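Annotated in Swiss-Prot:
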BINDING   Asp22, Phe23, Asn24, Arg38, His61, Leu62, Gly63, Arg64, Arg119, Arg152  substrate binding site
BINDING   Lys205, Gly296, Glu327, Gly353, Gly354, Asp355, Thr356  ATP binding site
Amino acid sequence: MSDIISIKDIDLAKKKVFIRCDFNVPQDDFLNITDDRRIRSAIPTIRYCLDNGCSVILASHLGRPKEISSKYSLEPVAKRLARLLDKEIIMAKDVIGEDAKTKAMNLKAGEILLLENLRFEKGETKNDENLAKELASMVQVYINDAFGVCHRAHSSVEAITKFFDEKHKGAGFLLQKEIDFASNLIKHPARPFVAVVGGSKVSGKLQALTNLLPKVDKLIIGGGMAFTFLKALGYDIGNSLLEEELLEEANKILTKGKNLGVKIYLPVDVVAAPACSQDAPMKFVPVQEIPNGWMGLDIGPASVRLFKEVISDAQTIWWNGPMGVFEIDKFSKGSIKMSHYISEGHATSVVGGGDTADVVARAGDADEMTFISTGGGASLELIEGKELPGVKALRSKENE
C-alpha cells in the first residue's frame, strides 16, 4: 500500500499538526475508561510529531451523541492520555468555537491540544465541508491515524483532506500498519489460510464471507450467525437466532465453498438454554437436538475440539466475531477457548472487530496475537475489498 502518503513522507519540522485519532473507547457508568487500547495505539504517531518539534492538535469522536452532553466529553481521554504520555494535555471546551480556536492559535511547539468530541458538531457525520475548512484552518499538516472511522466519509476523515496538498497530509503509523496488514492478508497469506467468522448476524458479514471464500483454504462459522447456515442445511434450531430472509444467501455461500474446494465448518454441538441469561439452566446438545423453545448461545465442547483441529495446521488465521454470547460468563467458554487455541499456534493471527478484541483481552491472549485491529467495520470492509473513503483521500495522485 505504498501509494498512501505516509507521515514519514512529510516535512513536519516545527509545524502545527492535526491528528485525527480514534479515541472511541468503552467507559463504565462512572465514565471511567475500561479499555485504553485505542488511546495507546495513537501514541507512536503523537510522539513522532512531538519529536519533530510540532505543536499537536488531536481530534476524535466518542460514541454517538444526539446533543452536547458531558457523558460524551473527551475529558476522561485527556486525563488518560496525559498519564500515558506523562505530559499535560490542553483540553478545548468545544470543537471549532472560540475556546478551541484561541487555544489552537496560542499552541506552542511541544504542546498538545485535544478538541472536544467531534460529533458535538452536527456537520461531522455529514462530511460538511464548512466544518472541515474550520478544522483545517487551525493547522498546516493533516494526519489520519483513525483506522476505525476510515470507512466513514466524515468531515474530519474525508472532507478535511481537500484543504491539504500531498505534501501536507498523510497516514499515521497505526493507520499504515492496519492497511498493510489487511492488504497482505488478502493478497499474500501464508497457507493454509483459515478464516474464523462469528458474531450474531450473517447480514453484517455476508459481503466479507463472499469475498473471503476464493481466498481462504478453510472457513469456520460460529456465533449466532451459524444458526442461519444450520437452518439452511435443514436442521431444527429451536429458538436460536435466525435471519430467515438470508437462508438463500447462506445456501449460496455453502454451495460456492463446495465449488471452490473450500471446507466450511459449522458447530456440531452447542450450549443450549431456554433464555439468554446467567441464571438460565443450560446443557450441551448436538446441533440436531436443540430442545423446542431453547436456543444455542455458545459452541459446545465437541465444536471446540473440531475447530481446534481445523486451525492446527493453519499458517494464517483471520478471526472476526465471537463464538457465542461472550458477555454472559456461562456462554463465553467457546470464544475464550478459541482465543487460547488461535494465540497458542504458530500461525500469523489477525483479530478484527471490537467484540473479538474484547474476548482476546478477557482471555489474556492479547500479547500472543500477531495483530489486533482497532477497527471493526473498517477492517471488515477492507477484507470485503472495498476502498475506504478515509484511505482513498490519502492516496498519492501519481499512483491512482
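Cβ atoms here come from the backbone N, Cα and C positions, even for glycine.
Location within the structure of each feature annotated in Swiss-Prot.
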| residue | record | DSSP (3 states) |
| --- | --- | --- |
| Asp22 | substrate binding site | coil |
| His61 | substrate binding site | coil |
| Arg119 | substrate binding site | helix |
| Lys205 | ATP binding site | coil |
| Glu327 | ATP binding site | coil |
| Gly353 | ATP binding site | coil |
Max pairwise CA distance, angstrom, over record-listed substrate binders Asp22, Phe23, Asn24, Arg38, His61, Leu62, Gly63, Arg64, Arg119, Arg152: 18
Site extent for ATP, whole Å (max Cα pair distance, Lys205, Gly296, Glu327, Gly353, Gly354, Asp355, Thr356): 22
Counting other Cβ atoms within 10 Å of each Cβ, which of the binding-site residues Gly63, Gly296, Gly353, Gly354 scores lowest? Gly63
Inter-residue Cα distance where the pair is Asp22 (substrate binding site) and Gly296 (ATP binding site), in Å: 35
Cβ neighbour count (within 10 Å, all chains shown) around Asp355 (ATP binding site): 18
Asp22 (substrate binding site) to Gly354 (ATP binding site) - Cα separation in whole Å: 13
Here the binding-site residues are Asn24, Thr356; the one whose Cβ sees the most other Cβ atoms within 10 Å is Thr356
Would you find the one among the binding-site residues His61, Arg119, Lys205 whose Cβ has the most company, meaning other Cβ atoms within 10 Å? His61
